[in-house]
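Participant: Sending over a structure as structure tokens; questions will come in a sec.
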Amino acid sequence: SLKLLRRLGKLIGTRPVTFLLLSLAICVASSFGLTLWKEEVDEIQLFMPKDSEIRMDASWVEDNFRDELRFESVIVEADNVLTPHVLAAIADLETDVRKIVTSGHDWSDVCARYLTWFPNVNESSAISEIREYMEDFQDNCIYQSLLRIWTQNGTMEPIYKLDEEAIIKSVTNAVNSVRKKPGHKFTSALENIKPLLSGIRKDSKGYVIGAKATILNWILKKTNNWSPDWELEFIKTVLFSNRTLPPGVKIYAVTTRSYEDTLAQVLENNITLLSAGFSLIIIYVMIMLGRFNSVEQRLYLSLLGVSIVGQAIMASYGASFYMGFFWGPIHPVLPFLLLGIGVDNIFIIMQSLDNLKKEDRGEDVAERMGQVLRQAGVSITVTSLTDIVAFAVGTMTVMPFLRSFCVFASMGILFLYIFVILFFMSCLTIDERRLQQNRDGCTCIPQTNWKPNDCSKRDLQKEILKKYIGPVLMKTPVKVCVVYFPEYGKRAAVYLGNDINYYDDKDKLFELYSRLKENKYINQDTLEFWYTAFQDWLSENC
């Protein structure tokens, strides 16, 4: 294997441009799989095995029951929400929500109605059939609110006229009985307000005198194209308007799009962090790979070296999508994983180059690259293969999102291995040729009579480790700080088998307890032995 790696390194050193183009071709071909991007957020698809009964049941429900609803909820919290001031604030909130207009569409245009579940039926005939059971049925917008006890047709005027006595009486009646209008054979679950209250308090007579919170639910029709935009305005109206609330009142809101918005925000933050991480890594790589002079600096090599991480990300994602896997909620950590592994491989190669003996640093750059890959190739191959196998084992899990993540990670590490050998070794060959010709690291202009300055001859990293960090770490106080012990220690226990005779072996049991008490590594305040307490009980009662 060493001979094979040496030959490969020498071949790359002979034809660097060819292998550079080959590496880019592999990257481009694999990256086309990104056009098949598939992102999964459904919990069933993410967490349930493909052959699970739950997945089959969910598929049946999806095929047979129309999922047409988007839920928008507001939770109002206070010491007591059943007061005139809080109910008036809720009425103001409901009024503002009903006034939301997006792209010319208001609440009545986006709301789900009772017949939303029956898209293919004739509306007039359906209403006629329903009215056999509910005489005054109207296909109204669906929403749930505590205020429905007092309001009709969305009019909020009665709310502002309520006093505490009227509130207590109305809410108590509503909580203790389900409203059922005359002529109805069925009651409306939307008018049952008990599930909408939390922390209900009653007095000795059973009257509801208070509640800690209430929830309001607006329900939209999912197939309305403007529903997501209405939801966005809903969040702005509820949470970010200059609303004056009574003291102690807090409002929380969540919509169907909230999860997707949060996920998008997380991805955006990850991109920012990844960009910052790449920037710091590039700076660090430039400092560590080159030296502080015009010729031996390796600016372009550092940039191209870090670029293999981006290439591996694109290629691995594309290849994974080619294979039919999806992007899941934990996949955003992959770039950080690949960034660490990729840079580590670069440093291994550069360290091998620095460690070459003088007799191996001949004029022939190709031979030098063969020696570098002979030394570094084994380490890179073993570590990469180990990581790939570790994640490949994870692909055997029954959880789809974890299997997908492991495939993405395995492919990423594989492409890192390919690109660090084909791409980075090719770039290193070209850079070594530049150094051999004493060309400037930025302009590539030949430098005649060039000599390195004294500063660039020093290995600052080794000097810092040897003169400062190493001696400090060897001091006793620092050793104590480095070898950290938990403040409260770790819990330990002694278990006794069935062969113990708790009467005949009494002395041995007490000896065990005594030895534990004498152990200086045990916190005596935490030492408990049931047998001593049992003996005390025997002494007192027998």
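Positions of Cβ are set from backbone N, Cα and C atoms, glycine also.
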Participant: Any idea which of 18-38, 333-353 is down as transmembrane segment in TrEMBL?
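Facilitator: My reading of TrEMBL: the transmembrane segment range is 333-353.
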Participant: Between 78-102, 378-402, which stretch does TrEMBL give the note transmembrane segment?
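Facilitator: Per TrEMBL, the stretch marked transmembrane segment is 378-402.
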Participant: Take the C-beta pairs under 8 A between the transmembrane segment (408-430) and each of 271-289, 301-327, 333-353, 378-402. Which stretch has the highest count?
Facilitator: 301-327
Participant: Restricting to the domain 'SSD' (270-430), what is the model's mean pLDDT?
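Facilitator: Over the domain 'SSD' (270-430), the predicted model scores a mean pLDDT of 88.
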Participant: Near the transmembrane segment (271-289), which residues from the same chain, at least 6 beyond its ends, have a CB less than 8 A from one of its CBs?
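Facilitator: Contacts of the transmembrane segment (271-289) (Cβ under 8 Å, skipping residues fewer than 6 from its ends): 297-299, 301-303, 305-306, 309, 335-336, 339, 343, 346-347, 350, 461.
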